[in-house]
Every structure is written in C-alpha cells, then in structure tokens.
Amino acid sequence: MAPPPLPLFSPSLKAPPPPPWLHGSSTQSRDSAPPVPPLPAEATPSKFRIDSPKPAPARKNTKTAAKPLTAGVPGGRTHRAVLGIIRRVRSLELSDAPSPNSVHTSNSGAAAAAFHLTIELSPPREPGQYVVEKEKSRAVPWAAARDEGLKVALRREKKPREPTRAETELETHELHRLRRLARGIGRWARAKKAGVTDEVVKEVRREWASGEELAAVRIVEPLRRSMDRAREILEIKTGGLVVWTKGDMHFVYRGSKYQQNAKHSHTFLTNVHKDDAFQENDQSICGQKDEEPVKGTLYEREVNRLLDTLGPRFVDWWWDTPLPVDADLLPEFVPGFKTPYRLCPPGVRPTLADEELTYLRKLARLLPTHFALGRNTRLQGLAAAILKLWEKSLIAKIAVKIGIQNTNNEQMAWNLKHLTGGTVILRNKDFIILYRGKDFLPGGVAQTVIQREAQVHDEQVKEEEARLKAVDSLQMVGELSEESSLGTFREYQGFHAKFVHENTENSNTMIELEAEKYRLEKELKDHEWKLSVLNKKIERSNQALAKLHSSWSPSEQSADREHLTEEEKIMFRRIGRKMDGLVLLGRRGIFDGVIEEIHQHWKHKEVVKVITKQNQTRQIMYAASLLEVETGGILIAVEKLTTSHAIILYRGKNYRRPAKSSFSNLLTKREALRRSIEVQRRGSMKYFVRERQKSILELKRKLRYVTRQIRYRTP
C-alpha cells in the first residue's frame, strides 16, 4: 500500500518579508506593489516544514524588516552601507533602465521589484524626459552621485601599451613558439654595470653561431631601471629581436635570415646599416620625411636637435630618451681653448643666494641629461661643448657613467669648473650639475666686450701720457722761474732727473708705509674684537661651572679617624698593587657612581685600587684626598704606574656600608660629564686668549715702528 502523498506547504511556514525598499516613505510605491498572498499549507513538503511549538510573536517594530538585506553587507546597517546599496542601484539604473510601458504592463516578478526600486530612489519623470537625463548621466557619470552627495573616485586611464618590434614583425604563432622555447633556456649572458658592452654582444652572437635561435641576456643595475631601453639597446647592437622579457631577462631572437658564418653576418649587417643610412639621406634630400609620423613632442625634438650639434650620442644610456652626448668621444684637447671671459652686469651680485640655488636645483631635476662622462681629466672638448650648450640653457647636466673604474666625481667637477668658469650647484656619485653663472657671456658678446675694453684702455693710456707731459712741462717752468742761475743744460738735466727720482721713490715708500699702517690697524682691531668674544665665552663658561658646583657640597673630614701602623700600611700597599680588580676614574672625575662602585668593592675586599689618567701631581693628590673624604676610608698610597697612577684606599676596621641616599651631595653622572666638558672648554679658551694677547702685543709693536717711520719721512 503506497504511503499518502506529502503536503507541499505547511501552515506554520510564514511568508517571507517584503523587500526593504517597499517600506519607504513613498505611499505610492507601497500601494502600487501587489499584495503577496499567503502560501497554502499544501505547497510545502513536510521535510521542509518548520513546526515550532510556539508561534513567533508579531513584530512591533517595522525597522527590523531590513535586517535580512543588510546582514551580509560590510558595515551592517550603517549610513555607509546604505550609500553603497544606493550607488549600486544607480549603476544598474544607468546601465539598463526599463521602459515605462513595460513597467506598467507587468506587475509581478523582478520587473515589478526593479520598478518599485526606481520609483523609491529617484523622483518621478515625464515620459519624454528619461532619455535626455540618461544621456546626461552617461556623459557625466558623477552627476547622479553629486546630487546625492556621494563621493566618486575616477581611475586614471592607463596609457595604451606600444607593441614591440617582435610583435609587429613576427607572426603570432611564431612568437608563441619562440616564447615557449625561451622558457627552457638555462644559460644567459650578463650585462654588467657598464651596460651592453662588446663582450655581451660577442657572447650573444657566439650563442647564435652555435645553432641556437635564442640568446638570453640578464640586465643589472642601472640599465634594469628601464627594461624598454635595454631592449632597444640589445636590438640595435645585436641586430636581433627581443621576443620575450621575464623579470630582468631579455630573450633575443637571431632572425630568420641570420648568417651562420660570422664574416657573412658582419657583411650583411654592415650592408643593412649602409642601406638604412642611404635611405635616410635620400629621404632628407628629397624631402620625403614628412611621410613618416612625427615622434615626440616639440620640446623633445628641440632637445634632440640641440644635442645633435654637441657631439655623438651615448647609446648605452640607462634612462629614457633623449640620449645624452657621450663626453668620452669628444676631443681631449682643443687647440686654442682657454677659460671664457666673464663680466657681471652692474648692480648684480655674482654669487647665488639660497633661494636661487634651491630654484636651480629644482629646475635641473626636470631637465634631460646632456652629457654622460666616464673620465676624470682631459675635458677640454667637453668644456667647449658645455660653453656651446650654455648659450641656449642655464644649466648643464652631466651624468657619471656607472661601471667604469677609477671615476672620481670630485675631480671631474673641479676640472670642469676651472675650464668653464661655471658654478657647481650639485655633485654626487650620479650627477654633476653646472650653472653658467650670472657673469656668463656668449661667444660673440664676449668678443665684442673684449674689443671695446681694449679700445677704452688704449684711449686711457694716451690721455694719461698727454696729462703727464703737460704736468712735467708746468713743473719745469715753475722751477726755472724760482732759480736765479741754472748753469748748463746738462746740469739742468741731471738735477731734474735726480729730483724726479727722489720724489718718486719717496712717494712710493710713503704709500707702502701708509698701506702697512692701515693693514696693521685693521688687523689689531680684528684681534681685539676676537679677544673680547673669547672673554665673553669664558664668562659664560664660568657661570655654567658655578651653577654645577652649587649642586655639589663636599663632605667634611671626620675627626675620629683610624690610625694604622707602618707595617699595616706596607701590607695593604702590597695587596693593593697585586689586585686585579680596579675602579677607573675617567674624564668625569669623582661623582656618585664612583663612590658607589668603591663601596661595592669594599663589600667583598678591604682594599680598593683606583686608577686615574691625570698627569699633574696636584690634580692626583686632590683626587686622592677627595676620595678619602667622600668614602670615609683611609688613603694608603699613591703609586706611579707605566701610563697612569693608582690610588690605594683601605675601608677601615669599623667599616659599615652607607645607604645609597648618602651620595646625594655629589654630582650625577650627567652633571659630571657637563662639568668636564665645560672645564676642558674653558681651558682651551684660556689658551687662545693668551695667544691672542701675544699677537696683539706684537701688532702694537709693529704699529709703533711704522708710525715712527712715517713721522720721520714726513717733511
């Protein structure tokens, strides 16, 4: 007998709650939503039936109806989660909005829910207004979010990737085959710091000559910073194609027309380069360059045109284009080269202020590199190119080549500065940046200024000669009128020559003495000012020491002292000299830590040995007596060692370890260090004061001597 059929629905299973957007503030949406009929009891199988002994209580608060929807949303029912839901619904509305006719015709299923959602989140629209607003929303995607006060972050569009030569010249299946073949290569050539050198090219071609289609090259710093540039250099120097790049590895394909014989290969490559050069010349002559698209911006083309006039390019450049000029290929010596003439405009300070230096450094950071240098000396060709560059640019940016031995950027900068006369505004292991200076003159302007100054100098010399002749003739007439008898003409000539010579010599001597007197007075004034500064510093040091000494109150000598016999002193002296444990008295001197360490030694032994590095006997005896007073022990002896002195102290027969708070009258470790530094500083300043006083006395003596000489020679 077959079992009775199971009921499909259970009367205890409640209907699911309506969506939360149907419970909004809009009464129109609530009324327009079709009522959900209760499910019959026969519609649910018994295994899915939920029978609870107690019926679920009725929900009094309608706000909890949104819990099933926001339970899985990050943030729960926060304002941020609700805004996220609204944003997603907006995106669905903008992407695929239902037509009004279809919405009104269907009142059940997903279409009705989408319609009620649209009505709840957006204000009602006219039938012809939807398309216009949809176009506006598509044109301005952030308009809807802006109306709701939401923040939308737009991603920056990525630049389209440019295909490589291998991707444009090879077939797709051939390219995939070569990349699969590259995965099994285990050997590679290593391009070191110097870049893709001739050794690397030879190793790649040797790999090709052995029958391999691909050769792997591992790139290291600094060329690894720009793998695209490394790919270009490899394709230019080897004549192959880079088919795959994995990390810092390039896999170079030799090509389908590769010649097995090295000689034929070299001839083939040479002919290809010659044909390319001939075609380029043909295009430049016939004016066919306009057919090719112009590459780069106007600024990049102008920079390339300027650098082409300075010298050959550095192909192994590890940064992006434009390629700098290879300074090592420029001539080492330039015939007739000399440092250019400079002239600062009137009223302009030739030196750079801090703000100007900062501005120039920021400006140089954005400029392309003009030269790449790898040698320290013989830089006249580079200096001539820099002077030519300075006619168009304020700054010359020079990169130091990496991987070349014995490069010294300091020597490079010094040589370039003295050859060009510019200003080094930055120098490190990577770059040397030279500023042309405010007094820089271009070549044509400098020649014009030099010629004009030569003309002015010649005119001044002629005027001075004419003035001297007129003065001499006037002096001769005055002397002739004063003299009653002049004698012969020969006597007159001798007398005139002697008089002129004596006057000239006397005037030159007086000028030198006056200059020496002025120099001595100025130097004496400087020394006196420096002496006053030193005296002020000594006063401040004395005040600091007095402040430190105010917190230090030495203990007084105890009246009840123990007396030791000579035999006991000799015995304790021998014990102290043989002791290995010691207390080192450093530059801080005696402070609370030293006294505490001595008592720590006395905890286990009766005698302690203190080592001091002081040299003067007065200081050593003062330290020994101070230790005796502060510790309460008995001074046994002060012994002379090889490089130091040892102070031996006995703790006494009635020794009792003091409390730690009993050392508060001494300086702390930090205060003792400050006191030591101030004492050393004051001692050095006192030494310089004595030296300065000696110099002042010597200058005063010289000044008195010069003054007497001037008084003696004055008529």
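In case you wondered, yes, glycine gets a Cβ from its N, Cα and C as well.
The model shown is predicted, which means the values in this text are computed figures rather than measured ones.
TrEMBL has this to say about the protein:
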type	residues	note
COMPBIAS	1-21	compositional bias 'Pro residues'
REGION	1-76	region 'Disordered'
DOMAIN	168-265	domain 'CRM'
DOMAIN	350-447	domain 'CRM'
COILED	510-544	coiled coil
DOMAIN	562-662	domain 'CRM'
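Counting only same-chain residues 6+ beyond the ends of the coiled coil (510-544), those with a CB under 8 A from a CB of the stretch are 674, 678, 681-682, 685-686, 688-689, 692-693, 695-696, 699-700, 702-703, 706-707, 709-710, 713-714.
Residue counts of the domain 'CRM' (168-265) by helix, strand and coil are 44 helix, 20 strand, 34 coil (DSSP-based).
Across the coiled coil (510-544), mean pLDDT in this model comes to 91.
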